[in-house]
Amino acid sequence: MIISVAIGLDSNPTPGQLMDKVTGKAIMIKHVVISCFQNKFLCDGKTQFDSIVELLNYYNENKISMMPTFPNVVPQNAILRQPWELRHSDVEKEKKLGEGAFGEVYKGTLILQPTKRSVDVAIKLAKTGEMTKEKIKEMMNEARLMRNYDHPNVVKLYGVCVEHEPLMIVMELINGGGLDAYLKKFLTPMEEKVENMVCGVAWGLDYLHHKNCIHRDIAARNCLYANHTVKISDFGLSREGTVYQMKVVRRVPIKWLAPETIQTLCYSQKTDVWSFGILVFEIFSNGDDPYSGMTNSEVKEKVLTGYRMELPPDTPPEIARLVASECWSVKPELRPTMRQIVKTLEIATGKAAPPGSWSVPKVSNKAQSPGAGILSKQRKKKKRNPFHLKPNMSTNGEK
């Protein structure tokens, strides 16, 4: 192990020399080498310790310099291991679930410390031979963002293993798989599509925007679905902030991009709103690809000249209007925020956000539209389904 030490000098920095930003003085970097010999740790060639912790505590408590030639190299404040910094020895991978550009995904188990409780997890394991600095940075950015999120409609991060290869991201295991696959496999009742899928994604994305996150890749393939609950996942492209300007052209999902992103490579929370509209199309088309039959080049040209897809015929009218007239507005400033979309859906369905969602003062009954609480009334009467639609006769059986 090597400890890098910045040693301050009394002189001003010369060209090419490092500088202390606080004092403005020159600094030089020296290295303390901690060696292991016969299962003992030492840094001065003499004093031996059973562990690195014991070594550091010795020099700290006795105020002894770790470098004889520099008297003040004394360890001061330890940076403790964070709860999300996991040990490889606590993670065991089992069945392979899939593979992507980033790496492989496994089902496995995690031993939670200090309780020793075992939980089932999904393990995102990086491909060792293809780990460039850029991919490592992307992986760590994903984990750094996800560790701040705790919402029923957002996949939970347990932590990362980065002490040595392979690098791993450890997340909660969702047994149901991708939302896109679920929609293609099962005939889903209209009420489930509206309440669990559309509202669920809206709540999750609203939460992410409240946490100052732009997801940048909202799509059915990046949502997981199990036990009637949808969870937003895959934060590989996500960024903190309200606006993100992509500087280097990369492969991106053209069919889910807003017009301004196609033109300027600029992302914002309002481009997420556009993508949310595309995801709604996926839900009501039972997982069909948007812009079916068109190439990416054709989609670019069509979208930039004002073309908009038609929502499937059985899309609830209020949702169809919300998507076509508002989410897909050519001007970002005319699109609603996810908070406004959530309020619209909650009023129309009578559904309340799940525990863990951020909230604003509830809308009073007097302020609600005539359609407010439709579903709560339907649960009593069992005669009509959401948004005044004819009953959907499909069941949750396989197609």
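Cβ coordinates come from backbone N, Cα and C, glycine included.
Marked as domain 'Protein kinase' by TrEMBL: 91-347. Residues or ranges marked as ATP binding site by TrEMBL: Lys124. According to TrEMBL, the feature region 'Disordered' maps to 351-399. Annotation source TrEMBL lists compositional bias 'Basic residues' at 377-387.
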Remark   = Across the domain 'Protein kinase' (91-347) the predicted model averages a pLDDT of 93
Ask   = Among all the protein chains here, how many other CB atoms are within 10 A of the CB of the residue listed as 'ATP binding site'?
value = 24
